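Inspection log for the structure reproduced underneath, given as structure tokens.
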Amino acid sequence: MGCSKWRAVFNFGHLKAQSKLSVFLTMIIIFTYLFYCLSGYRESLPRPVYDQQTTFINKILGLNDELKQQKLDPHKNSSPGSVVRELPGFDSVDSLMQGNDNELRPDNNISIANNYGSKTFPQAIIIGVKKGGTRALLEFLRIHPDVRAVGAEPHFFDRFYDNGLEWYRNLMPRTLESQITMEKTPSYFVTKEAPRRLFALSRHTKLIVVVRDPVTRAVSDYTQTLSKQPGLPSFQSLTFRNSTTGLIDTSWSAVRIGIYAKHLENWLRYFPLSKFLFVSGERLVTDPAGEMGRVQDFLGLKRLVTDKHFYFNQTKGFPCLKKPEGSSRPRCLGKSKGRPHPQISPEVLLRLREFYRPFNMKFYQMTGHDFGWD
């Protein structure tokens, strides 16, 4: 074979080897890059979240034996807290979280997390009562660095339950591990289905009820409605079914809300008294720091909200928060708070007070606290 032919064969082989080497080097670079990316993504996850996800997956994989045991003994653990409940918004994996293994219940807030915190279900809820001082309490709590709360009322357990748990959780602010999530919806306290629905989500939620003299509360409730509906009938005509007999109309919401003992009975069917804190709406005005001390203790928080945060606004007639650093003015509740009440006949108020007296006495016994409304 001539030299030129050998040279051609050599060049062809050299090119072929060079091509294989290029492909090989390219593949090494691609695999190295992919390995680096995957390793970096894993390490970028917050460690508690990564570990929690791993534990959660292992729990699900090991759940078959427990489910089989439940089939063998369907009556075991049949208390309200252990039966499987169907909640809107759960897919098949979320449904497993409702089993007997407490670590898989929503109580543990399997959360949507990133480096800036997690969206979790609230650990504490202000459940009532309307016109009792719930907005003031929430605003006072929000200055605590370990509290994050929803500003608007979610109304999940009374109006929007069918929207599902993911919808509810997405309303929550992101919180760090050291913080607690809160919300307030005063109508929960008087909603028949609310205790059962909340218990199905978490039996460990702390419940705060702000109560106020039911007569004063009813007048305040009426005043708020009157500001929105100027043509509203008089307070007296709405209070009595029959003004001659003096029979109180308990179907009117302004009256019905103040029968605290009745509503509390419904909640105590699901939650023990130890899960409740009853805050005095009157003391929240006269001694906000003292009442806030009780609230912080109940929530397991350091007493950081103290006397130094409050001053009494003579014009509005209730305490406001002192000017925070970097702000040009103090923080007071809006114009809808502290409205002047209309003149109500003393006789009407007296009859209403007599109506509430036995319910108040029962409420004092149930809570172990005399609020001094009589």
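Yeah, the Cβs are placed from backbone N, Cα and C, and that goes for glycine too.
Curation plays no part in TrEMBL annotations; they are all automatic predictions.
For 21-41, the entry in TrEMBL reads transmembrane segment. Look at TrEMBL and you will find 122-357 tagged as domain 'Sulfotransferase'. Under the heading 3'-phosphoadenylyl sulfate binding site, TrEMBL lists K131, G132, G133, T134, R135, R212, S220, K337, G338, R339, P340, H341. TrEMBL lists K131 with the feature active site, for sulfotransferase activity. The disulfide bond annotation in TrEMBL covers C320-C332.
Feature annotations (TrEMBL) mapped to structure.
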| residue | record | contacts (Cβ under 8 Å, 6+ apart) |
| --- | --- | --- |
| K131 | 3'-phosphoadenylyl sulfate binding site | P186, R212, R217, S220, D221, Q224 |
| G133 | 3'-phosphoadenylyl sulfate binding site | V210, R212, V279, G281, L284, V285 |
| P340 | 3'-phosphoadenylyl sulfate binding site | T223 |
How many Å lie between the Cα of R135 (3'-phosphoadenylyl sulfate binding site) and the Cα of C332 (disulfide bond)?
11
Test of understanding: give the count of other CB atoms lying within 10 angstroms of the CB of C332 (disulfide bond).
18
Among R135, S220, which are binding-site residues, the residue with the most C-beta atoms within 10 angstroms of its C-beta:
S220
For a quick check of packing: other C-beta atoms within 10 Å of the C-beta of C320 (disulfide bond), how many?
20
